[in-house]
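What TrEMBL records for this protein:
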DOMAIN    112-279  domain 'Peptidase metallopeptidase'
BINDING   163  Ca(2+) 2 binding site
BINDING   173, 175, 188, 198  Zn(2+) 1 binding site
BINDING   181  Ca(2+) 3 binding site
ACT_SITE  223  active site
Ligand SMILES: [Zn+2]
Ligand SMILES: [Zn+2]
């Protein structure tokens, strides 16, 4: 089975989307005003190395801002209108990142891409080319799945027609599953035949996980499972286990050296509010328990009928106890039904946004 995959695009603080998206993936509230316009680049269309044209100085600033150009302060042409070797190299890298022909000149496609609204975070930071790193991590993860299944994947140059679409999103991004900052949800993916997989751009993802960041490839490996129709696993070491701690690498099969090196690595802010409920049990009414009910509903453990008593209050009722027990069962914890320390610790860890229980099957 041949499946066209993804065109990767990166947009961390999303203003509007730089690449065409299918209509259902567009932000519901498109932000019409784009105050920072890159329209000046239109006047530079056709420019190439060797020319001196007014406005190139501004283009250099643009490419510096997004990490493509880094003149030493006293270098010739650092702040003039000359299209020099450094500028040509920067344009080529830009074109490579955006899947354009690497002409090194300001051709129509390049100008059109550069003038599109984009996120303000640089594509290249401290010499690390974010886009290429992310694409290679995603490619490796797809290769891993291809090696373990009958699926075959290839990278599409056309985002709109790709079967699987991957991107970094911030906040409400139009799929009715808004990310809410660093609230513990690292990513989510929709089951077939939807094909969308979104990283939560408020978290830090890296190729080599360090404390406080998450492994790009481990997260995508997990989410591809959802794209292919898999649910969560209860096996802690499995790729499909819902929690993905910071600085942790998982792979198929799990080599011993890939186990979490720092299992207690500090997780950047997560579902920390749950800590407040440690020790809570049935019969109590504790301010904020309503939020815990929402958490358990989100991940499929709790399903009050809308008019049921305690559906939206802070009371630890029978239904909440049952939900906590099911959660504990899924996560191999003692099924006490109370918010004991182990349960709270597990609930506050960063995890995948896809529910563990869907339509009463887990
Ligand atoms: Zn999403
Ligand atoms: Zn998941």
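Here the Cβ of each residue, glycine as well, is placed from N, Cα and C on the backbone.
Because TrEMBL annotations are produced automatically, they should be read as predictions rather than curated entries.
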Extra residues within 8 Å (Cβ to Cβ centroid of 173, 175, 188, 198), Zn(2+) 1: 169, 174, 177, 178, 179, 196
Cβ atoms near residue 173 (Zn(2+) 1 binding site) (within 10 Å, other residues, all chains): 24
Close-lying recorded positions around ligand 1 among 163, 175, 181, 223, where CB distance stays under 6 Å: 175
Rounded inter-Cα distance in Å - residue 173 (Zn(2+) 1 binding site), residue 181 (Ca(2+) 3 binding site): 12
Residue, out of the recorded positions 163, 175, 223, whose Cβ gathers the largest set of other Cβ atoms within 10 Å: 223
Recorded positions near residue 188 (Zn(2+) 1 binding site), in sequence order, restricted to 163, 181, 223 and a 10 Å Cα cut-off: 223
Rounded inter-Cα distance in Å - residue 198 (Zn(2+) 1 binding site), residue 223 (active site): 9
